[in-house]
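According to TrEMBL:
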type	residues	note
ACT_SITE	ASP416	active site, 4-aspartylphosphate intermediate
BINDING	ASP416, LYS417, THR418, GLU517, PHE558, LYS581, ARG614, THR694, GLY695, ASP696, ARG826, LYS832, ASN855, ASP856	ATP binding site
BINDING	ASP416, THR418, ASP852, ASP856	Mg(2+) binding site
COMPBIAS	781-790	compositional bias 'Basic residues'
COMPBIAS	1192-1201	compositional bias 'Basic and acidic residues'
DOMAIN	136-199	domain 'P-type ATPase A'
DOMAIN	878-1132	domain 'P-type ATPase C-terminal'
REGION	781-802	region 'Disordered'
REGION	1183-1209	region 'Disordered'
TRANSMEM	104-123	transmembrane segment
TRANSMEM	301-325	transmembrane segment
TRANSMEM	345-370	transmembrane segment
TRANSMEM	909-930	transmembrane segment
TRANSMEM	942-962	transmembrane segment
TRANSMEM	992-1016	transmembrane segment
TRANSMEM	1028-1047	transmembrane segment
TRANSMEM	1054-1073	transmembrane segment
TRANSMEM	1103-1125	transmembrane segment
Amino acid sequence: DLYCPPLYLNHLDDFTFDLSIAEAGWQVKVNDRDFCKLPEFKKKSFLCFKKSKYSGNAIKTYKYNVLTFLPLNLYEQFKRAANLYFLALLILQIIPQISTLPWYTTLVPLVLVLGITAVKDLIDDLARHRMDKEINNRKCEVLLGGRFQEAKWMDIQVGDVVRLKKNDFIPADILLLSSTEPNSLCYVETAELDGETNLKFKMGPKVTHERLQEESQLAAFDAMILCEEPNNRLDKFTGTMKWRREMYPLDLDNMLLRGCKLRNTEECRGLVIFAGADTKIMRNGGKTRFKRTKIDFLMNYMVYTIFVVLVLVCAGLAIGHSFWYQEIGSLAWYLYDGKSDTASYRGFLSFWGYIIVLNTMVPISLYVSVEVIRLGQSKFINWDLQMYYAEKDTPAKARTTTLNEQLGQIEYIFSDKTGTLTQNIMAFKKCTIGGRTYGNPMSADGVALERGKLADFSWNKYADRKFQFYDGHLISCICSKKDAEMMEFFKLLSLCHTVMVEQKDGELVYQAASPDEGALVTAARCFGFVFLSRTQDSITVSEMGTENTYEMLALLDFNSDRKRMSIILRFPDGRIRLYCKGADTVIYQRLNPSSKHKETTQHALDGFANETLRTLCLCYKDISAADYNSWAQKHKEASVAMSNREQALDSVYELIETNLMLIGATAIEDKLQDGVPETIAKLAKADIKIWVLTGDKKETAENIGYSCELLTDDMQIYYGEDVNEKLSGRMMRRRNEPDGGRNKKAKEPFFTGDGKNALIITGGWLNEILCEKKKKRRRLRLRRLGKRPRPTNPQDGQPADDWEKELRQKDFVDMACECSAVICCRVTPKQKANVVSLVKRYKNAVTLSIGDGANDVNMIKTADIGVGISGQEGMQAVMSSDYAFAQFRYLQRLLLVHGRWSYIRMCKFLRFFFYKNFAFTLVHFWYSFFNGYSAQVAYEDWFITLYNVLYSSLPVLLVGLLDQDVNDTLSLRFPKLYLPGQKGALFNYRNFFISLFHGIFTSLIIFFIPYGAFLQTMGQDGEAPSDYQSFAVVTASSLIMIVNLQISLDTSYWTFVNCFAVLGSIAIYFGVMFDIQSAGIHVLFPSAFTFTGVASNSLRQPYLWLTIILTVGISLLPVICIQFLCKTIWPTEGDKVQRHKKKYELEEEVKKKPPAFQRGGRSRRSAYAFSHSRGYADLIASGRSIRQKPRARPELRDSIREAPQAENI
């Protein structure tokens, strides 16, 4: 009998098994809760206390409880430097000797900031408490005392057997034992785990399916499970089950993970392997890398700068007080305070006093205001209907609120191709069978048609109504059943796959691991070869109406290293045949020399590539019974290997996939998404460089580059060998220089011509150029064998040391950045991330990565901004991203509109925030020259308390939320408006010092004009309002009016809300001032409110109103003049657009030219999508673990230069 039975080891020696138990990382005894409590499984938790290493199933995601909320939250908040600084100030204000301001002037803003943050944290944590309680109290059936009983999730323990019903959530990481479905198949939805809504398939081991269907059988089940320790690998599980002196391998396809939901399965039974905090979903709950914007770093450095300036100013004033006291204060009898302190000590106390007085230079409310603005900007992105994709009901989503202004500074975009630039919706378009190409519009007689006519599939009751094909001749050939190769071609498509099928409303529904595979099986179905069903060891298909069942002997699944998949079948007549499909680069290497149609198929592949179609070669091989038996024994041994199982299987697969006979090739279309060429053109005008990083082959990527207009016909294209030659030449010239080029600072361009250049480079060349570790290890191995000399020879193109390697990487980045377009193909997820990190490191540029699949996650996390597209490849990219939407074309609006607005708003907010605090605080500095540097304040205490909280916060906050220089239409029409953000032109140290000097100028005006007016003054009642309190009211009133009118001058986009905020802030100031300076409140709190009647007395003097008006006018007039001159003489691009805004809004949009796509030219062959995840072969193969770990094939050429017929492996 040639059938390979389920794989296990018989008669395992008990001693050997006991030894393996001792060495195993994780052991589970079925139906034995006491096993987990044994002393050897205890671990130290706190001091001498120990607890079991097996977690309970209750989860805890909240951070606080009733007792810990206040201390823990305050501890977390005071870890921020700004909060700690103000707490220190508050403590200083309590010390009587140095206190110059009442404690509440610091306490009120600090409590407000801490309170807002604490309330936000409390709301978030209460939501976590509710969620935890709801999840922990869910019900589940657990096998206790020989029968199933209802229990809460929190009471489930490792080793329990549980029973789940349809639509139940999986309570823990469970080994599937059996289900009500045939072959213990189980359907699960993994939306909470990875965001994907399509059903996944799991299957219990064959032995448990056959022996564990009844409750009594499950109660008697006493197996021991040995497996890996709990980890966060969602794509891997390795274990072994020992039961009745036999061992059975376990893998991920046998596991139901917590977070999944049971679908389309009435009932299943499983064994709890990992519970609670040990489950994979909880292990993946760790924080991702915290990303911060350039403005964040700049803002922090500026706050440090302000603090240094504050300390220096306070030190200078303290020295001034020491000299003043020694020369004047100690000699004036009327200044004697009854203390005998020395001048130096008094200067020391004055220093701390001024730290308190001038503390508002470091703005406490800055960080809270910034977070409010970012939150608002994120909401605007979420609410943007022009980024809403109605077809899939998918709005744009800002998944983080901390990076919005960085969207306005992007210099490099790294994009995936499949599913990001293209739709990743595959359609079978053409094929070549036996050297003849099909798919062009033809009649049933084979006559070419000018206009395509849809082929008639009414003869096939299983045909997919959505399937479109225009070659009627292919249909007639199939219906005639005369062409054996054609029949074999579609039979292969219907048999060689890992698609799962289910019946829905009387229709066949296919679930495929990749869109490519689904398209091929659907095509076979429409052409009369219908995949009907499969079991663990058979496949049933309908071949032109005749139903046949084939015994499946082995399924050799796809992975990104093999780039192919195979199936070994036994036909009803006893023949054994291997069917294989894969990339032409790997199939052609494995063809039998006598195989036919190689040249014609190669020519057809080139033609398909010119049409940007993705290709796949099909072949077969007949195997004798003896050869299969010999191979099956090796396959069995590899399948039960306890270590390196995947590598062993990979080697076994290589043995059978040889001497193949070519049948033909398929061509699948993956269309560009709508608006991709226009989006790329717009972003290019904004001086944003776009790099495409894809796992597809070179020809496919290059062809898509042309169709999306990233590449144009006037570009000079350089490939990997050209790049390597240029870099090696640069390195050799550098070595020949006297100092090795180490002191050379001037950069020489790599491309001297005026034309545009582009790079297209494969992953193999990328490794060679960047001298990655894999290549380095290979060179070291060759050196040990004596086959390769050390790279001391200047002719050797490899770096001699780490410095040269780093320089070579920098040269590559410089060369790539000189190009208009860069395409990296055949790259792994790790290489994608490496390319992004290289540009970040050597260009110090703001980068954005955009992708839609799991293979893009690394790249998305590495870039400064990660964007996920919710497409056909699941939701892993979206779940790892900072921003998400449904179509690539929305990227232009995200960057050119929301990103630019966010950057402008944040910069304007920060400039003005620093200005208003400098103008407010430095009045104390000028006042110190007239009060003996005694740390006396220039304002009333309550004004100091409420200035940043109430009087000046709202207008600048609204500018940070709502301001825009031009509307969204003009922002998209003039991409050049984006350039200032890339250069960081709107907020930098230059702008900071301009704000500082503007604040110094304003504070001078605010202090000295009222001071001059108060020198010789006479009021209407004959009294001179020249007292300190009246002076404080006049300066404060002038400041509030100047600050609010100044923000009015800087506002570009006026709304009712802005107008209300400006006028309202001034009105609130006067209203509050008259209240707190009234006699009534002084009677209630005489020590806290000392400015009794000052406002009503001083502000009824017309002279003082004239003083305020003069102060405001002199302060604002220079600003108005400078703004007028700048916009007239040195207008920015934004000023020019604003000047003609109405004209532009009335003009019609310039018509887009049709995309120029050159067909023919050079041969650009496309390929199968090798970036998708592996198929369901392991699941189908009934416990036979045949997954492979990607590895380098030994027979591939050592040289990175590829032969034309096997280009870019």
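Heads up, the Cβ atoms here are built off N, Cα and C, so glycines get one too.
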Item to check | Max pairwise CA distance, angstrom, over record-listed ATP binders ASP416, LYS417, THR418, GLU517, PHE558, LYS581, ARG614, THR694, GLY695, ASP696, ARG826, LYS832, ASN855, ASP856 | outcome: 27
Next on the checklist: Using Cβ atoms and a strict cutoff of less than 8 Å, what residues sit near the transmembrane segment (104-123) while being 6 or more residues removed from its termini?
Outcome noted: 63-64, 69, 73-74, 76-77, 83, 86-87, 89-90, 93, 356, 359, 364-365, 367-368, 941-942, 944-946, 948-949, 1088
Item to check | Number of helical, extended and coil residues in the domain 'P-type ATPase A' (136-199), per DSSP | outcome: 11 helix, 31 strand, 22 coil
Checklist entry - Can you tell which of the recorded positions ASP416, ARG614, GLY695, ARG826 lies nearest to ASP856 (Mg(2+) binding site) in space, using Cα positions? => result ASP416
Next on the checklist: I need the CA-to-CA distance for ASP852 (Mg(2+) binding site) versus ASP416 (active site, 4-aspartylphosphate intermediate), whole Å please.
Outcome noted: 8
Checklist entry - Just the number: how many Å between the Cα atoms of ARG826 (ATP binding site) and the residue listed as 'active site, 4-aspartylphosphate intermediate'? => result 11
Item to check | Residue among the binding-site residues THR418, ASN855 whose Cβ has the most other Cβ atoms within 10 Å | outcome: THR418
Item to check | Rounded inter-Cα distance in Å - PHE558 (ATP binding site), the residue listed as 'active site, 4-aspartylphosphate intermediate' | outcome: 21
Checklist entry - Looking at the recorded positions ASP416, ASP856, which sits with the largest number of other Cβ atoms within 10 Å of its Cβ? => result ASP856
Checklist outcome for this item: Around the Cβ of GLY695 (ATP binding site), other Cβ atoms within 10 Å, all chains included, total 27
Next on the checklist: On the 0 to 100 pLDDT scale, where does the domain 'P-type ATPase A' (136-199) sit on average?
Outcome noted: 86
Checklist entry - Across all chains shown, how many C-beta atoms besides its own are within 10 angstroms of the C-beta of ARG826 (ATP binding site)? => result 26
Next on the checklist: I need the most crowded of these binding-site residues: PHE558, ARG614, ASP852. Count other C-beta atoms within 10 angstroms of each C-beta and give me the top one.
Outcome noted: ASP852
Item to check | Inter-residue Cα distance where the pair is ASP416 (active site, 4-aspartylphosphate intermediate) and ASN855 (ATP binding site), in Å | outcome: 9
